[in-house]
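In what follows, a structure is listed as structure tokens, so that the remarks can point back to it.
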């Protein structure tokens, strides 16, 4: 069927900021879809609030609106643009929920706008728990015994009838938000109450728990002619009961018989046909390990996290083809872009095993609740490909960047058997490592299967890995044992550890016996047809399918899995760098391990290696490809940390040289450079042990800011006020980076700002200065940033620009550089310099129109700023005001304190732009879901050192109609100063404490600060948690509250008696 001619203009709804449950996979899907629609000649309008994406680049759509994804703003854009149709299925849950809201508000009918891909009825049937249940019954598809509830009492009655455990699934939420497994009435009441609150339709499904069944997923496609196929089937290592986003997943399925596979495949195709979905769909099923009994768990009527994984696992571009199906094309008339000869109707066949392991944020949140359940907690994921399961699993383990090179954590060797068994039964994010430790201690896989319900097949693979370890221990320097270990995915580092040698010895031994990996192509057809894709994975076999081309090549290292501190911003820079390399006439090669991102789309680069970002794996690619050089600037700390070892091995690092990277990272060298350049910095010293740190703090004077060197995202950074706190910090935080010393700095409580600069070594372009709303002490990634600066004098801006130029030239920076400053009493101090792309590059590129990563790459390849037509110095400022605001995922992370400090906690960002600061702030707050009522009750609970400042805010809140409430100490201070506040009770005072008031809807906002030391007391954390759980705006920095107040004041009329 030919594409539709009756529509010309299509609006695509993006997925908004990155949060847990909705990450970079939607940037990948949205980018693919927009380009596919443009390719077919449609005019594409994109709406998204996230500036950190490739999707929001000008060339991706005809018109791009970076605006809040709220009904108010999307409605305005629709009325302005008048699209013929909207494609909502590529924006995750956000896109689907927005489509439903537009329909319910009558906007789609009013303007005669059609929904493409998935009809409203299908979204409703898949997402509304009652309608889904009815549909499954009509199709004769089994679902667990369940009921729909709208109150907690209804849930309790049903559970009493069918017995515990039960699962709670809120309707229309993402990543299992608000859901969970309940083993008791108390748990059921708590989880259902929260789930009803988080469901936009106040509805939860309560169902009989089938925890322990195998969890299987089918990624299916269907077109308007009712052609349907299975793109990929996947099997979770963990049984039902753990969210699939938090499970280790293998593709294709590993333990199903042919009969089971056909049975579940038929069910999946029956469901997509019944829903009449045109595009991609994900079906999750539970299979009884001991019979042919199965249940349908849920259906996602859209492109999802699993679609991105299935696309990368098979090479089949689901989002691209789904977009074309949405405009009428059919599977039997579209060519599969991988083979270039077969049609998209051919089901992909895999002659390899793919492993996905989630990446969790618990290295950042040590006190977070790590136990896994039906609510997702992972921030990102890694994928690895191998010829056997062991190989793909071990490659994925070393891709995680959590300090392991194998499925082994050495720290676990010290724990008791009792603790080990507990951790094996109660699944946490690191259960794989506990299982492997149990096998090393001699627990049988049958025992472990009965404790965990993990299939014996998977446990046997873990046992096989342990057997190879034992074989290596018994046969040191034995070539056949080495060959076997490499065939099953063991790293040189692990083998060296077992043989008590250096990694370089193993590498030398391999090379002396010509034992090197070959690279196989991902071709969707198990080599049945010729494929043209430059998409490769390594394995230890005979035939190499990756041939070095005659063209000079450049290798760009990606940034690995998405985690807090290193998000999609770095992937954005990687993709732009590749474009510039190709324009310069080189072959661009990407190496990365993240299946969610645009950089691992095989059509982006000339060659893609889906490999772990370790020294060994990178060197193997370099040995084969012999690139002209390697670019490490765009891969965040992941790539920077590899620069030294690659350089030592004789690899050419392009751009800023390793010794200059070191001068920015090494404290003593950096101090020396600043002295030579005449640039002030807060007084500071380096310490390698407790005594030195205490001596440094005594000399500098408390409070001090302490942190390890060579870290990203403020990892283990803290402000300490006295000796005891400093001792405690040294005992707990040095783990963060043991081979590097601790930095002890004078803490300056001033205004912070940051600069991204691009240098060719002689000239320096500064696209803009970003002013932070929150003062020093809040991590830059968690601060709201304003461009152009609103409160910095011309002189201060000139000083910042001058210091930046001196630094870039003095540190021999070629390419990107990020500098952070603090300003106090009109004095500018440098806090830190990062000689690489930073997380603000996409934001600043969008608001200034300067393609920063592309320019930096051209300079790295030898051009000058003058060649490219750019002047030296600060670029002319934008006429609009732009705000970058952080977005947090605290609702998904129980027991993680939402108090902001020097360690980064945000998972994503949004942008607000307008003609004034107030309007831009309003948009930013709307986009990051901080909706504040125009009046109501606001609670102040304030530390002594900021009560005076809070008082003036409270007076302003009162002037616009807010009722002021306060805790005892704060209320007393306010009263002394002539402002009366309603007293709220102490925690535990059931009728009147803050959590109770919040729960009953009597509080519209909370302002809570904890003083310079930032040690969170238990009461404070309970107050903050109650605000997060109930969705009440919470301000832990007075500057953020002040910004919100500015917005409210600008929206209020002045009402005064004459």
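Any Cβ shown, glycine's included, is placed from N, Cα and C.
Not measured: the values here are computed from a predicted model.
For the ATP 2 site that Swiss-Prot gives as 707, 746, 748, 752, 777, 778, 779, 780, 820, the extra residue drawn from 826, 832 is 832. Long-range neighbours of residue 298 (Mn(2+) 1 binding site) (same chain, six or more residues apart, CB within less than 8 Å of its CB): 126, 132, 169, 284. The secondary structure of residue 748 (ATP 2 binding site), as reduced to three states from DSSP, is coil rather than helix or strand. Cβ neighbours of residue 820 (ATP 2 binding site) (same chain, under 8 Å, six or more residues apart in sequence): 752, 753, 754, 780, 830, 831, 832, 833. Taking the binding-site residues 215, 832 in turn, the residue surrounded by the fewest other Cβ atoms inside 10 Å of its Cβ turns out to be 832.
Taking the Cα atom of each, residue 129 (ATP 1 binding site) and residue 834 (Mg(2+) 4 binding site) are about 49 angstrom apart. Within 10 Å of the C-beta of residue 748 (ATP 2 binding site) we count 22 further C-beta atoms, all protein chains included. Among the binding-site residues 129, 208, 707, the residue whose Cβ has the fewest other Cβ atoms within 10 Å is 208.
A simple way to gauge crowding: the CB of residue 284 (ATP 1 binding site) has 21 other CB atoms within 10 angstroms, across all the protein chains here.
Sorting each residue of the region 'Oligomerization domain' (402-546) by its DSSP state yields 78 helix, 11 strand, 56 coil. Cα of residue 779 (ATP 2 binding site) to Cα of residue 834 (Mg(2+) 4 binding site): a span of 15 Å. Mapped onto DSSP helix, strand and coil, the domain 'MGS-like' (930-1058) counts 58 helix, 21 strand, 50 coil. According to its DSSP assignment, residue 777 (ATP 2 binding site) is coil.
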